[in-house]
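Enquirer: Take a look at what TrEMBL says about it:
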DOMAIN    20-82  domain 'Glutaredoxin'
DOMAIN    108-449  domain 'FAD/NAD(P)-binding'
BINDING   GLY115, SER117, GLY118, ASP137, TYR138, THR153, CYS154, LYS162, LYS163, GLY228, TYR296, LYS300, ASP433, THR442  FAD binding site
DISULFID  CYS154-CYS159  disulfide bond
DISULFID  CYS154-CYS159  disulfide bond
BINDING   GLY392  NAD(+) binding site
DOMAIN    469-580  domain 'Pyridine nucleotide-disulphide oxidoreductase dimerisation'
ACT_SITE  HIS571  active site, proton acceptor
Amino acid sequence: MPPIDGTSQWLQRTIESAAVIVFSKTTCPFCKKLKDVLAEAKIKHATIELDQLSNGSVIQKALSNFSKIETVPQMFVRGKFIGDSKAVLNYHNNNQLQAIVNENKYDYDLIIIGGGSGGLAAGKEAAKYGAKIAVLDYVEPTPMGTTWGLGGTCVNVGCIPKKLMHQAGLLSHSLEDAQHFGWSLDKSEISHDWSTMVEGVQSHIGSLNWGYKVSLRDNAVTYLNARGMLLSPHEVQITEKNKKVSTITGNKIILATVERPKYPEIPGAIEYGITSDDLFSLPYFPGKTLVVGASYVALKCAGFLASLGGDVTVMVRSILLRGFDQQMAEKVGDYMENHGVKFAKLCVPDEITQLKPVDTENNKPGLLLVKGHYTDGKKFEEEFETVIFAVGREPQLSKLNCEAVGVKLDKNGRVVCSDDEQTTVSNIYAIGDINAGKPQLTPVAIHAGRYLARRLFAGATELTDYSNVATTVFTPLEYGACGLSEEDAIEKYGDNDIEVYHSHFKPLEWTVAHREDNVCYMKLVCRISDNMRVLGLHVLGPNAGEITQGYAVAIKMGATKEDFDRTIGIHPTCSETFTTLHVTKRSGGSAAVTGC
């Protein structure tokens, strides 16, 4: 709902931006007649029901400045007043309505550069309101030559394959536990086949790629498998795979391109190393692997590779999981180290040399010599079959010509945007990983894309709230978080205003399997002066993602410690421990498991 004091400005933006929009009232028979005509003509449109808004009468009065009539319904197409129900019916009966709706100053109402989760969400949402949409998606092959289909990072080389391979790793632990529950397993007959797993994962990804294409087609969204480059605020040059170059125009443009993994600037990195962009379709098991980096991508990949029987070393320059709660990050690292993952801490690579090439005929890894050094000057030198770089990601916006058309980038090469995702060029927007300072998560991009499309084409005003976004690191022992880390809360509000309730817990299923005590852990970070409002929730344990998602709603709604205490838990679950936390760090009491 627009602010009353800004109604005229909001109306002007909405009318000019929307492809087809109808101002109506739910009880008006003439309004119903107009909407019936549009339905019969199969014309998609946005509708604003004035009698459902608290300031609907104010909006209706302001509408007369644009249409010169005081009643509803009123229909606008791309900033032009078309008429009331009688006028629209006449256009329809004279076979003129479709031509009026299709008339456009530009080729498209919206051009989206980037076919990832955010771009696809924005395109499909905008199409609901009659907008003519084009989605451009192009995948630059990796140095190894890996490429993929429509859907962006998450679907092809991110969340989806990582979670599936994480599950494959968890099954190895379940097989170990099974014998304690009475299952007879001959370990000599149990083995993991990498190629079978990759085939299954890639088959699922392929089905998603196809599904996205079908969905775009069903929503009348034009899909262009081509590279896009800005020529002006309304012009985009497209370059197809066959090098054919052409230009399309759009009233609005959304930048929704992905970021790609970085390679360190050392000899042999690009020639012999791979990244997560290559790993999930790798035709051979990586074997003895060095993972360079301490990001969540690094730890996820190292975790499932080790769980699948790999010899894995993680090379860490400084700290694990920068940006996450550091107590939780250390616990993640400790668990992985206790379960076979080796760490070369405070160490960086200097050079990679190939000792033996990859055997492509028999799908076997090659052999690499990695030389590096620790911060204390000690040398690192070891042979590995595969080196995976997970040292961060970077935008690819230099190829989009952003700054040449006035789109400002920050020092990291990401797009500077206002709270409504608008760039420094009024008709160009940016969502997803390239939006500077915003959480780089798939659901964030999807949410931002949908809400932006509604504001552009349906008269909506609600912005994406980027605070308290839940996330999970799918390491062998999962880490889920929502809200502030303990150190960020202390930095923001001061140590004396923060109370941390915490406890270890042991999943019931771990008891019979004789798993470790005092490994799983959770804590609530609360602000004392704000009625013990929960600022941060953190959990390390099985299914941490499923646990965190539910509590994220409570955190978003401003839940307090008392709200958690009043909640009766489900027994026996890990999650119920959040409803019984009573030991604070300040008290110095033990957070160890004391019973079921």
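Backbone N, Cα and C atoms are what each Cβ position is placed from, and that goes for glycine too.
It should be emphasised that the depicted structure is a prediction, and the values quoted were computed from it without experimental measurement.
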Enquirer: Spatially, which candidate from the recorded positions TYR138, GLY392, HIS571 is nearest to CYS159 (disulfide bond), comparing Cα atoms?
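Expert: Closest recorded candidate to CYS159 (disulfide bond) by Cα: GLY392.
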Enquirer: Hey, which of the binding-site residues TYR138, TYR296 is the loneliest by Cβ count within 10 Å?
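Expert: Output over binding-site residues TYR138, TYR296: least Cβ neighbours within 10 Å is TYR138.
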Enquirer: Using the alpha carbons only, what distance in Å do you get between the residue listed as 'NAD(+) binding site' and TYR138 (FAD binding site) once rounded?
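Expert: Taking the Cα atoms only, the residue listed as 'NAD(+) binding site' lies 21 Å from TYR138 (FAD binding site).
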Enquirer: For a quick check of understanding: given the listed FAD-binding residues GLY115, SER117, GLY118, ASP137, TYR138, THR153, CYS154, LYS162, LYS163, GLY228, TYR296, LYS300, ASP433, THR442, what is the maximum Cα-Cα distance in angstrom, as an integer?
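Expert: Largest pairwise Cα separation, rounded: 32 Å.
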Enquirer: By a simple count, how many Cβ atoms lie within 10 Å of the Cβ of ASP433 (FAD binding site), its own Cβ left out?
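Expert: So the Cβ neighbour count for ASP433 (FAD binding site) comes to 27.
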Enquirer: Quick one: mean pLDDT on the domain 'Pyridine nucleotide-disulphide oxidoreductase dimerisation' (469-580)?
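Expert: Summarising the domain 'Pyridine nucleotide-disulphide oxidoreductase dimerisation' (469-580) by its mean pLDDT gives 98.
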Enquirer: Tell me which of the binding-site residues GLY115, TYR138, CYS154, TYR296, ASP433 ends up closest to the residue listed as 'active site, proton acceptor' in space, Cα to Cα.
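Expert: Result for the residue listed as 'active site, proton acceptor': the nearest of the binding-site residues is TYR296.
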Enquirer: Please list residues from the chain of CYS154 (FAD binding site) whose Cβ is under 8 angstroms from its Cβ, counting only those at least six apart in sequence.
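Expert: CYS154 (FAD binding site) has long-range Cβ partners GLY116, SER117, ILE160, THR442.
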Enquirer: With every protein chain in view, how many other Cβ atoms are within 10 Å of the Cβ of CYS159 (disulfide bond)?
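Expert: I count 18 other Cβ atoms within 10 Å of it.
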Enquirer: In terms of DSSP three-state secondary structure, what is the assignment for TYR296 (FAD binding site)?
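Expert: For TYR296 (FAD binding site) - judged by DSSP and reduced to three states - the answer is helix.
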Enquirer: Look at each of the recorded positions, LYS163, HIS571, and point out the one with the fewest other Cβ atoms around it within 10 Å.
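Expert: So among LYS163, HIS571, the recorded positions given, the one with the fewest Cβ atoms within 10 Å is HIS571.
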Enquirer: Tally the residues of the domain 'Glutaredoxin' (20-82) by DSSP class, grouping H, G and I as helix, E and B as strand, and everything else as coil.
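Expert: Its residues fall into 27 helix, 16 strand, 20 coil.
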